[in-house]
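Engineer: Below: one structure in structure tokens.
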């Protein structure tokens, strides 16, 4: 493996460059976890490729005075619609893990969503950023554990609760299986004493189902937190409608980066239908396949209020720690701003389907 960088070389100018650099600096074990996807990885590949179906219409004589990328969510202002997605076990690629990512979020004024399987403590993460923090929850079978986690992050000032619903069990990721992926000593879901592992101690896969969350659990958690509740992993119109009916505060259109079930449609293919049903009643966040500022623009044009970035953040972290993550966010934000200028959009609110050509 090559050494981590403490500077940004001249040829590191895109998220694809970061992916190349990162893969030269990650262990085979870490690569198997971060880069793998379910089955034949068709959904994972489609997430990126499907953005190519949409082209942009240029509008270069518009009045763009007072241009900005600010957005409003849940009564708060965020300086950029590019958020850091929750990714577990970040110490797999950097000794400081989530703390380094938090430092980058602070430098770029970007919202960071912290995984319940974080390898750094929630307290430590909070110390290293003044930017907004949200908490992502994998629902545990013991509801008291969930409530304790939520109470903890509420006390620390986290601003929203993101409940992942699309990964009740682990997907079958052949690359991980062939590698025999393991968590090295010293790396764990440090904030949870005994996290539920769906692959442990079950002879029959269907023995797991009695431990898996249901809509009743979502309702219970919603009633027991002051935070806005966002469901991450909405891939169908029916579940979008159900979220509205239950008074959920926001959703994330996401197929978990293709890591759970293969042959789910690409996230960007699902977004327009779901956005039509939501009809701007609650915020929609989006993730899956974003590698360019034009991808961010397209997702917003198709109905997203903000986007989440996962693997590219980890590639930045593996390449150059906090510096790499901050630079990754900077690249993407600058690409978005340039794309907005060329399409005549002076702010996020003015981005709509009129800039798209199919």
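Note: Cβ is positioned from N, Cα and C throughout, glycine not excepted.
TrEMBL lists these features:
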| type | residues | note |
| --- | --- | --- |
| DOMAIN | 7-358 | domain 'FMN hydroxy acid dehydrogenase' |
| BINDING | 33, 138, 173, 256, 259 | glyoxylate binding site |
| BINDING | 86-88, 115, 136, 164, 232, 254, 287-291, 310-311 | FMN binding site |
| ACT_SITE | 256 | active site, proton acceptor |
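Neighbours and distances for these, please.
Structural biologist: Under the three-state DSSP scheme, residue 173 (glyoxylate binding site) falls in the coil class. Under a cutoff of 8 A between CB atoms, and with a sequence separation of 6+ in the same chain, the neighbours of residue 173 (glyoxylate binding site) are 32, 36, 37, 38, 259.
Classification of residue 86 (FMN binding site) by DSSP places it in coil, neither helical nor stranded.
Listed in sequence order, 164, 166, 167, 171, 233 are the same-chain residues six or more apart from residue 256 (glyoxylate binding site) with CB atoms under 8 A from its CB.
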Engineer: Reduce the DSSP letter at residue 232 (FMN binding site) to three states and note it down.
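Structural biologist: Assignment for residue 232 (FMN binding site) reads strand.
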Engineer: How big is the Cα-to-Cα gap, in Å, between residue 287 (FMN binding site) and residue 33 (glyoxylate binding site)?
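Structural biologist: Residue 287 (FMN binding site) to residue 33 (glyoxylate binding site), Cα-Cα distance: 18 Å.
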Engineer: Reduce the DSSP letter at residue 259 (glyoxylate binding site) to three states and note it down.
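Structural biologist: Looking at the DSSP assignment, residue 259 (glyoxylate binding site) belongs to neither helix nor strand, so coil.
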Engineer: Distance between residue 311 (FMN binding site) and residue 33 (glyoxylate binding site) at the Cα atoms, whole Å?
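Structural biologist: Computed Cα spacing between residue 311 (FMN binding site) and residue 33 (glyoxylate binding site) is 11 Å.
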